[in-house]
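Just below is one structure, and these are the notes that go with it.
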Amino acid sequence: MIMRGGRAAAGGRSIHPYTDRVVGSSLIVAPSILAADFARLGEEARAVEGSADWLHVDVMDNHFVPNLTIGLPVVEHLLKATTLPFDTHLMIEAPDRWALGYAEAGSYNVSFHVEAAADPVGLAKNLRAAGSKAGLAIDRDTPIEPYLEILPHFDTLLIMTIKAGFGGQKFMPELLDKVRTARRHLASGHLELRIEVDGGIAEDTIEAAAEAGADAFVAGTAVYAADDPADAVRRLRRRAEAVVAGG
Ligand code: DX5
Ligand code: ZN
């Protein structure tokens, strides 16, 4: 898989398009701070700096989802505490109004939910103009077909593999059908876009997600409930890489 901005390097390895680090594959592992210790967010982020590709930051507003997490002021401070690129996942109402602030603050990617956006394409253009990647997020009960045609406006497609709102839920394998549909669509249209899965990703589920065609993996509990979060990231990556290498 070729990522926009990616470069080939010696030995079949690639150079990460954002961090310039040489990585073993083009897969992305993004630990979610939702499962981290919120009193020590900076340390928790730095604990995975050497192993993770992105830091997944879940913003919830108690309206789009029942849960409430952090907002822009915390994200702005956390950005200064780590070198990791931020994969900001907005589970909020009215992203048309609020999402740009997260791009302007310096997020690498900003994903908003299509269920909440009034003008997804317009917002994607504004996010890109503000310097971030644009991500389209699809919740559990939303079909993907109506949105395939707007994918050229996006850099990432986040497919929930649970119902958005809480960490620690059970992975729903039936939602991988959306990943397969999206992967087929991208292949037929020669579109370059990350397909990211979020929810219940762990050592016993990541392979199925990779087989379905995901190439970016969010993991909260599987990383931050582990004794060694950095090692948990490496183990997840190895499992997903084995699928890609074998396929
Ligand atoms: C939930 C969030 C997820 C969450 C995943 O709505 O979007 O990013 O952190 O947590 P786990 O990996 O524990 O399912
Ligand atoms: Zn998330």
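Including glycine, each Cβ sits where the backbone N, Cα and C put it.
Heads up, TrEMBL stuff is auto-annotated, nobody curated it.
Record features, source TrEMBL:
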ACT_SITE  Asp58  active site, proton acceptor
ACT_SITE  Asp198  active site, proton donor
BINDING   Ser32, His89, Gly165, Phe166, Gly167, Gly168, Asp198, Gly199, Gly200, Gly220, Thr221  substrate binding site
BINDING   His56, Asp58, His89, Asp198  divalent metal cation binding site
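Mapped onto this structure are the features recorded in TrEMBL.
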residue	record	DSSP (3 states)
Ser32	substrate binding site	strand
His56	divalent metal cation binding site	strand
His89	divalent metal cation binding site	strand
Gly165	substrate binding site	coil
Asp198	active site, proton donor	strand
Thr221	substrate binding site	helix
Candidates Ser32, Gly165, Gly200, Thr221 (binding-site residues) with Cα within 10 Å of His56 (divalent metal cation binding site): Ser32
His89 (divalent metal cation binding site) as reference: those binding-site residues from Gly165, Gly167, Gly200, Thr221 with C-alpha within 10 Å of it: none
Active-site residues: Asp58, Asp198 - member with fewest neighbouring CB atoms within 10 Å: Asp58
Cβ under 6 Å from ligand 2: qualifying binding-site residues of Gly165, Gly167, Gly200, Thr221: none
Residues that sit under 8 angstroms from Gly200 (substrate binding site) by C-beta distance, when 6+ apart in the chain: Thr161, Ile162, Gln169, Lys170, Phe171, Met172
Site of maximum Cβ density within 10 Å, from binding-site residues Gly165, Gly167: Gly167
Whole-number Å value for how far Thr221 (substrate binding site) lies from Asp58 (active site, proton acceptor) (Cα to Cα): 13
Sparsest-packed among the binding-site residues, when each Cβ's other Cβ atoms within 10 Å are tallied, from Ser32, Thr221: Thr221
Packing count at His56 (divalent metal cation binding site) (other Cβ atoms within 10 Å of its Cβ): 29
Distance, Asp198 (active site, proton donor) to Thr221 (substrate binding site) (CA atoms, angstrom): 11
Additional residues surrounding substrate, by Cβ distance to the Ser32, His89, Gly165, Phe166, Gly167, Gly168, Asp198, Gly199, Gly200, Gly220, Thr221 centre under 8 Å: Leu34, Ala35, Asp58, Ile162, Gln169, Val218
Gly165 (substrate binding site) to Asp198 (active site, proton donor) - Cα separation in whole Å: 11
